Amino acid sequence: MPLPVPVLPEGVDPAWLPPAAFRAVGGRRTMIRGSGPLVETVHGELAEACRRFGGRAVRDAVPDGAYDLVLGLGGDDLGDEGFAFAREDGTTTVTASDGRGLLYGLFHVVRLGEAAFTGARAREVHRPALALRMLDHWDNVAVHPVMGQVERGYAGGSLFWEDGRARRELDRVRAYGRLLAACGINAISVNNVNVHAAEARLLTDRIGEVAEIAGALRPYGVRTHLSVSFAAPITLGGLPTADPLDRTVRGWWAEATRRVYQAIPDFGGYVVKADSEGQPGPFAYGRSHAEGANLLAAALEPFGGTVHWRAFVYDHRQDWRDRTTDRARAAYDHFVPLDGEFAAGAVLQVKHGPMDFQVREPVSPLLGAMPRTRLAVELQVTQEYTGQQRHVCWLGPMWSEVLRFRHEQGLSVGEVARGGLVAVSNVGDDPFWTGHPLAQANLYTFGRLAWQPDAEPGAVLDEWIALSFPDALEGLTGGLHAVLDGSWRTYEKYTAPLGVGFMVQPGHHYGPSVDGYEYSPWGTYHFADREGVGVDRGVASGTGYAGQYGKPWAELYESPDTCPDELLLFFHHVPYGHVLKSGKTVIQHIYDTHFEGVEEVEEARAVWGSLTGLVDPARHARVAERYEEQLRSAREWRDQVNSYFFRKSGVPDGRGRLIH
Ligand code: GCW
């Protein structure tokens, strides 16, 4: 039986799957071959599209040449999730060796639209570069007194949890799974990596609630994972210890995991934040993080599950006067000595930069230094430090730079990520899913880059536009590119300069506060004084962080003369008069970029204003309203940053503009 397409609750935006995106395929005669749950999903999609647009979708009929589209499972070895696409003699064919591949093939046809049914096309094989393309939800089950329902969530509540309970709005969850499948995401973790008391129990007596979510996502090929607490044997099991080498602890995890698989046979595995920002971990027992991860890998091994062990481990009780401790060094220092010690079922999940999802960071040196460990790269789709979905900040270009970066061994980060590409989700129960409607582009782009890390982000944005606005009138596509293409660099311009990071208000991290974290224990300093600004991370005179890179990066970053401008203050403390490669002094660069950043927001806002009538009114209004806030906030950033550095340096703006 074809699986009916999930019905969106009243008022919920269809994002990149509006019915009109299915026009081309829905007007055709289609035949679907094969059997299995995901084949029913594919059939359901086509049945719905045909109902709307007058085509016909039949099953397993004898091919008589009268079909425009034939989709089927074939004997071809296309690999997991791969599909072949071809068009000859007026028939388009999609062949896959498994159900997920067929579903991805269908969405490929949807993306192509009419082009999928025009002319002839030689057989192309499409396969995901990375087997795991995952979103981590930082959703709490119970509302957290400080972090709320969704930690760093800017799109309302959670799709899964509300006030301590499962929401059970499974149609919405199914619709979510469908959106994820359409951009290639195949796994999610359903709860925050900070595992509080209520959330911990999802592993044991509340696993049924997770199973319901898993059931809703399964038809779209999305597997479910769970964040667990390392202390669970104590807090849930009543054992005196959580020591990873203790026999009873190992037995407890084995049994708990067996029960998880009883409830969710295709369960993906665990996500663990250990010894980080107050979460429990193996350090308490004098054990290494490999020993900790391997404990969980062993429990998951009989079922083929994976533990995603996060490398975000650092000292968050630092003293700013202590110039030898450097948070940027921490992940490398902790984990590189453990290379080769992690079990096959353990994946080390590494944030893309050494600090914490800033608008500009170098690529984590850890990603080039653990060849004998399965690594996953973690991005942050939720815009914690990039405007919190009140600002337009399309992160495609930044992620693409990260994924194409090559460490010494010659592999790109996209190739190193054998354990997958993971991102912190930006979705909530907001009618637009992501709060800011244009933040949908970030989620879509993440999925597509996880499928193909070397894809051109601009081409991905084109896809997103074509799907989301299938009836785009003249001018809209250009307008969307105009407001999105450069939005990341615009955001960078009006916030913390030259890679130095932070300068945000403590706690919630929205809006400027240049010294907000300057004297706090979190290890995020810019060290501005009357002479200059920036962090000396060189080997010769600084923290030595630059030495964690191989060639050519270590040398390049070591000297302020060769360090790329955009990372200068991440690697060096320089005088305000230091001349950048651009020919400007650092102080003048700060002034200029902050003025320009605000001007660019003003321009983008005007472009958006000119698109009234081309975009559905509710979406237009939501974006327009957010532009007002973005502009207000950008001005605040400009004024705070410029006046701060004017006062510190005493150097006036070379162009004589008013510094507020
Ligand atoms: O970016 C920081 C966030 C924390 C988050 C942490 C992490 C879930 O401010 O809210 O905790 O990173 O990645 O674990």
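Residue numbers in this text run from 1 along the chain shown.
Placement of Cβ uses the backbone N, Cα and C atoms for every residue, glycine included.
Now, the feature entries from TrEMBL:
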DOMAIN    123-433  domain 'Glycosyl hydrolase family 67 catalytic'
ACT_SITE  Glu277  active site, proton donor
ACT_SITE  Asp356  active site, proton acceptor
ACT_SITE  Glu384  active site, proton acceptor
DOMAIN    434-657  domain 'Glycosyl hydrolase family 67 C-terminal'
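Shown here: features listed in TrEMBL, placed on the structure.
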residue : record                       : CB count, 10 Å
Glu277  : active site, proton donor    : 12
Asp356  : active site, proton acceptor : 20
Glu384  : active site, proton acceptor : 23
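The DSSP secondary structure for Asp356 (active site, proton acceptor) is coil.
Between Glu384 (active site, proton acceptor) and Asp356 (active site, proton acceptor), the C-alpha separation comes to 10 Å. In this structure the alpha carbons, written CA, of Asp356 (active site, proton acceptor) and Glu277 (active site, proton donor) are 13 Å apart. Taken together, the residues in the domain 'Glycosyl hydrolase family 67 C-terminal' (434-657) have a mean pLDDT of 97 on the 0 to 100 scale.
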